[in-house]
């Protein structure tokens, strides 16, 4: 193989002083990185369980976005209102999410840079700033849901002694846990998240065992697609919850926590292979956890009068009323799982916020300062929300709908740049996606955008009243669509990206 074919894009020397996801001293050293160069030149090294273990971590941090309180609320509402009929959609939505996240990981591994950094280089200043604002809004919307979810769990576990606003303050302190663990290395931080995921798995599996959903109906729900006019809103919610804009940015940065020799094509391909395996395993676990939640509420409340009124705030109490105390009250089992989901997702949200801010703005700030800024963006509005809505469950449900809409609006501004960048040979080198994968990826993106477009249309057609409000919404809609067309057209026609010099 000619030497130039063995190269992948690298940062040039003049860019080495820019903000990076991980400093070289923070990265995990992969066994075999100092092996003879011949192996890297001849092809991908053979599979190693030890290396797979060393690469395991980023995919599980990424998978937490599939298990946040917003997803859990979508799961329980899908189960209560649609029964087992949307389990097939949950499975395929997870597959779609896996495809998007693998493309994000591919971008980060092949370029050595994450999505926010590449957007800073690819787009003019005005477009870059719009993308940054959109990414921050999506992150704030997700974080509000996550923090409120944690606060609800804390309120339940304290028997109501701690109101929502107190739970928000407690949850705000998680950034200090994050900073404390990060000082002990990436692997310690990943181990902490593994414990939280295991807590969710045990909690919701326990609930599954307590309620005993039908195994036959579960299997049929996964294998046989069903959709009716009565469940279309829940179906849209299932798909809309899977792709989180901030998570697309996050995964492309997380994969850079491993030390990879990017001058060797075999080493890069090896990393992509291991990341694909661990991401698939992580999302399989997240799918099973989501399956537990959906089926528990399908068994308990499908076809009942209260099905349409269940949300995060009252779900635990409804379960308690139906199944009683037992050895360990199901209310507290639910709260423990919800708390693990909320805490893990808020910490990863802080992590994502650091990468988004550092990447788009190239800010080289101390980690605690950047974490404090990122945390404040979400905690301040969340505290206001907690104080205003603490006494009204119905108001919290309305707020949750608005937050889902906010995040749905942002999806194109993460998906489109990602697909444009991974398709460019100037950026990806030999690791650009092929025509078949590119076609599939764009079809998936269009499908997701159309599904979320339906959600937006349905929501605003019911909520928008009055001439002035309608005019404002139409003006923003026009600008929104125009910016999407700009991103797509630039992705196919732009030649502004300069070719990065390959390492010698």
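Positions of Cβ are set from backbone N, Cα and C atoms, glycine also.
Range annotated as transmembrane segment by TrEMBL, chosen from 191-209, 210-228, 229-247, 248-266: 191-209.
Note on TrEMBL: of 280-302, 349-371, the range annotated with the feature transmembrane segment is 280-302.
The transmembrane segment (130-154) and the transmembrane segment (160-179) are in contact, since at least 3 Cβ pairs between them lie under 8 Å (pairs 6 or more apart in sequence).
Of the recorded ranges 160-179, 402-423, 467-489, the transmembrane segment (87-109) has the largest number of C-beta contacts under 8 angstroms with 402-423. Count of Cβ pairs under 8 Å against the transmembrane segment (467-489): among 191-209, 280-302, 323-341, 402-423, 435-455, the largest is for 402-423. Note: the stretches the transmembrane segment (402-423) and the transmembrane segment (435-455) are in contact (3+ CB pairs below 8 A, sequence gap of 6 or more). With pairs at least 6 apart in sequence, the transmembrane segment (435-455) and the transmembrane segment (191-209) have fewer than 3 Cβ pairs within the 8 Å limit; the two do not touch.
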